[in-house]
Amino acid sequence: MKEDIEQSENKLHEDIRAPLIIQTNKRVKEEHVENGCYEKKQDRFMVYLSTFVAVCGSFAFGSCVGYSSPTQSAIREDLNLSIAEYSLFGSILTFGAMIGAITSGPIADYIGRKGAMRISSAFCVAGWLAIYFAQGALALDIGRLAKGYGMGVFSYVVPVFIAEIAPRDLRGALTTINQLMICCGVSVSFIIGTMLTWRTLALAGIIPCTILLFGLFIIPESPRWLAKIGHQKEFELALRRLRGKDADISEEAAEIQEYIETLEKLPKVNLLDLFQRRYSSSLIVGVGLMVFQQFGGINGICFYTGSIFESSGFAADVGTIIYAIIQVPITALGAALIDRAGRKPLLLVSGTGLVIGCMLTGISFYLKGHEIAIKAAPILAVTGILVYIGSFSVGMGAVPWVVMSEIYPINIKGAAGSLATLVNWFGAWACSYTFNFLMTWNSFGTFVLYAAVNALSILFVIKIVPETKGRTLEQIHAAINAS
């Protein structure tokens, strides 16, 4: 009886793993993928259109983040807000995002990826309208909280949706557009915020949400989600629309369906179930990358760029505009390279640049504090910040979201994605909240601390993070489970 039980258990594990193992005869097709010969009959128009519609949510995300910086003095003057009241208005965004992160996975699993984006857009529109009509601090805070919730949902569902609809040879580049559009939203808010009133800027924030809401009526739902909930006819129709009417989708559809059927043999999971041994590898990778992304200092530096430049003796307005402009083309460069160079090389280059940027900025504050090379200190500070933001934009800004959207099996994607997004937003709050205290303690020490965290991220990527370039989601999950 004991032997029968063991054989039965072994057979179940083999059944779970068998559909996922890369067969020898598939190697040839993978080589064709890498050489750009994958499914020549595929029509990519609907994939590109669906990605464009989804990343309108990413642009809305960036608009929310960039709103408070150019409008601070005008809002405080018009509504007679104290520094404490405006600080609450700025920071409450991350609390809303944390709530959105907690609920994003279950919502996306229950009503679909498109349904989650609709809810997120509705919260953002309501938030912008509340800010536009605000006559006091309460309405401002309610609007900012609503926008934060929408951001939290967007930060999870957009990269997941793109990863699930994209062909394997385009998945990395298309998912990276999420971060590119966030950067564009921030930069546009920084620039046009100097030309528009704060109420008009709030109305402008509704535009990408409106485009997204209308676009969702045109694009298909994620085929993998439709297969997961058992809508076979809709699944095949959505996959056909995404790959083109002349494309052969039989093999891809069979692979997805077989994988979904295999996952149905596994028990349903909740947040506590994620800490089982079978999910440990993917959980460590996804959450670990989010920890290093945030605790490397990005939100402290992003939120207080102007004050960093002022403290170092460099013109804040000039430095902020350069900062806003440089991150967009460098993020675009990362999007172009991610499916050619791979995820790990970009993370390693990015981590090295982050360490160098932090050390340059820290040294500038050390020189200024000890009155050594006073004229060189401001140039060193702005060089360090620009190296930092350029390095972050090319890798650590976008790649963790790409990897997160790829490594989680679909049966835990909702819970695991919510956890990773929650950790990310908690890190964003912790970093932005403690930055001023750290700078008061020791400016040089602050950047040395961030450099140490980024150095640890390099070791983490080398030792832990798998390369996912050129592999289907099913193959990635199989490889992680096998490890």
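Residue numbers in this text run from 1 along the chain shown.
Heads up, the Cβ atoms here are built off N, Cα and C, so glycines get one too.
According to TrEMBL, the feature domain 'Major facilitator superfamily (MFS) profile' maps to 50-469.
The transmembrane segment feature in TrEMBL is assigned to 45-68 (among others).
Look at TrEMBL and you will find 88-107 (among others) tagged as transmembrane segment.
The transmembrane segment annotation in TrEMBL covers 119-140 (among others).
Residues or ranges marked as transmembrane segment by TrEMBL: 146-166 (among others). Same-chain residues lying 6+ beyond the ends of the transmembrane segment (146-166) with a Cβ under 8 Å from its Cβ atoms: 47, 50-51, 54-55, 57-58, 60-61, 64-65, 92-105, 107-108, 113-114, 116-117, 119-124, 126-128, 130-131, 174-175, 177-178, 205, 220, 222-225, 242, 401-402, 404-406, 413, 417-418, 420-421, 424-425, 473.
Marked as transmembrane segment by TrEMBL: 173-192 (among others).
Taken from TrEMBL, the feature transmembrane segment applies to 198-219 (among others). Residues 46, 49-50, 52-54, 56-57, 59-60, 63-64, 67, 70-71, 74-75, 78, 114, 117-118, 121-122, 124-125, 128-129, 131-132, 143, 147, 185, 189, 192 of the same chain lie 6+ residues outside the transmembrane segment (198-219) yet bring a C-beta within less than 8 angstroms of a C-beta in it.
The transmembrane segment annotation in TrEMBL covers 283-306 (among others).
Taken from TrEMBL, the feature transmembrane segment applies to 318-338 (among others). With a threshold of 8 Å between CB atoms, the same-chain residues lying at least 6 positions outside the transmembrane segment (318-338) that come near it are 69, 172-173, 176-177, 179-180, 183-184, 186-187, 190-191, 305-306, 309, 346, 382, 385-386, 389-390, 392-395, 397-399, 402, 469.
Long-range contacts of the transmembrane segment (345-367) within its own chain (CB-CB distance under 8 A, at least 6 residues past either end) are made by residues 296-297, 308, 311-312, 334, 337-338, 373-374, 376-378, 380-381, 383-392, 394-397, 399, 443-448, 450-451, 454-455, 457-458, 461-462, 465. Taken from TrEMBL, the feature transmembrane segment covers 345-367 (among others).
The feature transmembrane segment is assigned by TrEMBL to 379-403 (among others).
The transmembrane segment annotation in TrEMBL covers 415-435 (among others).
Residues or ranges marked as transmembrane segment in TrEMBL: 447-465 (among others).
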Compute the average pLDDT of the predicted model within the domain 'Major facilitator superfamily (MFS) profile' (50-469). 85
Short question: which residues 6 or more past the ends of the transmembrane segment (415-435) have a Cβ under 8 Å from it? 91, 94-95, 97-98, 100-106, 108, 152, 155-156, 160, 269-271, 273-274, 279, 282-283, 286-287, 290-291, 293-295, 297-301, 303-304, 404-405, 408, 446
Counting Cβ pairs closer than 8 Å to the transmembrane segment (379-403), the top stretch among 45-68, 88-107, 173-192, 283-306, 447-465 is 283-306
